[in-house]
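Novice: After the structure tokens below, expect a handful of questions from me.
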């Protein structure tokens, strides 16, 4: 990955690419929505398929010369069906948000009702936030997690559904560290004759590997992104029963997108094949095991965790008890200076600004891809504690940063 052709044409971009390569090699990617793809996926996404316009679907294109585009997209679809057990799969969405958009376009009219989890409680912008198109086109009501336990309040969700009578109930979250009971949410949706969209963007890989229960076959629609825990490059995916297949396909194209990004679909195909290898199941289990070790280590250092722990790839830390004067954004900045990259995050009962909230969200998918095990994760938890306890100490931040570089050198990404 020396980008020799880029350097000949545009040294400034080549320098930025080289800098980003070095940054990824020398820092811990602990933003829960980030991961590292293989060199095979990188190569597929940088292939000549970027040149090909392929509006339509395999066998039904609007342009000639799509025989290899058809082959690649069909491989991606078939592999996705095998991974998740879905009847119908659309691999063309450019992102998880656009996958959600396709579902809304397929079954909702402007002004219809969405019931979803509040963003401060772990939801997502594309589930109805006022700043997002969903909050501007549809009527939105939101449910919450239980204030005492941090778990989804399923009873409150059912009551909200009965009172609000939504057209669609959205499950699946961006900052919820516990197992989701898809059947419980489906029952709430069924009781009010609503559709159920399960957004598994964060846990696509965990679901594929069987370390988290699957909503496929339970929810009417399942969406996800392909670059978090599945390691198939940037993009989105929609899964559904055959009865909704035509509506979903039309909502993706021509409803919300034009030509698909065939180079990204090639990356999806390659990443899905990698995920079908038995070694991926071991990886996904290690992601969860590492998150559990990290959670226990942080708790031992006195940190409060939303829900008291984790069942998946992320740990959500509420700093208000242990560090009441330290906003999550400031903690994240100090950790980034020490080469530990994560993000400030809102927490249930948020009292600060979303731009500098009360929590930090820590993910283990990226560091598990490096090969970190339980012992290393315990040390990472110790390092996070050192920095958060000493955000104003340049010496501590430097020392932790040096140790992080050593850990990265011991577990390189791309050799």
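Including glycine, each Cβ sits where the backbone N, Cα and C put it.
What Swiss-Prot records for 119, 123, 124, 125, 353, 354, 355 is (6S)-5,6,7,8-tetrahydrofolate binding site. The site 'Plays an important role in substrate specificity' annotation in Swiss-Prot covers 227 and is backed by sequence analysis. Per Swiss-Prot, the feature N6-(pyridoxal phosphate)lysine maps to 228; the stated evidence is sequence analysis.
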Novice: Using a Cβ cut-off under 8 Å and a sequence separation of 6 or more, which residues in the same chain sit near residue 119 ((6S)-5,6,7,8-tetrahydrofolate binding site)?
Specialist: 125, 127, 129, 346, 354
Novice: Can you tell me the CA-to-CA distance separating residue 355 ((6S)-5,6,7,8-tetrahydrofolate binding site) and residue 228 (N6-(pyridoxal phosphate)lysine), as a whole number of Å?
Specialist: 23
Novice: What's the CA to CA span in angstrom from residue 124 ((6S)-5,6,7,8-tetrahydrofolate binding site) over to residue 228 (N6-(pyridoxal phosphate)lysine)?
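Specialist: Their Cα atoms are separated by 15 Å.
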Novice: Between residue 353 ((6S)-5,6,7,8-tetrahydrofolate binding site) and residue 227 (site 'Plays an important role in substrate specificity'), what is the CA-CA distance rounded to a whole number of Å?
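Specialist: Residue 353 ((6S)-5,6,7,8-tetrahydrofolate binding site) and residue 227 (site 'Plays an important role in substrate specificity') have their Cα atoms 28 Å apart.
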Novice: Looking only at DSSP and grouping its letters into three states, which state does residue 125 ((6S)-5,6,7,8-tetrahydrofolate binding site) belong to?
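Specialist: For residue 125 ((6S)-5,6,7,8-tetrahydrofolate binding site) - judged by DSSP and reduced to three states - the answer is helix.
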Novice: Tell me the Cβ neighbour count for residue 123 ((6S)-5,6,7,8-tetrahydrofolate binding site), meaning other Cβ atoms within 10 Å of its Cβ, over all protein chains shown.
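Specialist: A count of 26.
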Novice: Residues with Cβ closer than 8 Å to the Cβ of residue 227 (site 'Plays an important role in substrate specificity'), same chain and 6+ apart in sequence?
Specialist: 34, 35, 37, 233, 234, 235
Novice: In whole Å, how far does the CA atom of residue 123 ((6S)-5,6,7,8-tetrahydrofolate binding site) lie from that of residue 228 (N6-(pyridoxal phosphate)lysine)?
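Specialist: Computed Cα spacing between residue 123 ((6S)-5,6,7,8-tetrahydrofolate binding site) and residue 228 (N6-(pyridoxal phosphate)lysine) is 16 Å.
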Novice: Long-range neighbours only, meaning 6 or more apart in sequence with Cβ under 8 Å: which ones does residue 228 (N6-(pyridoxal phosphate)lysine) have?
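Specialist: The list for residue 228 (N6-(pyridoxal phosphate)lysine) reads 32, 33, 34, 35, 201, 202, 203, 204, 205, 313, 365, given in order along the sequence.
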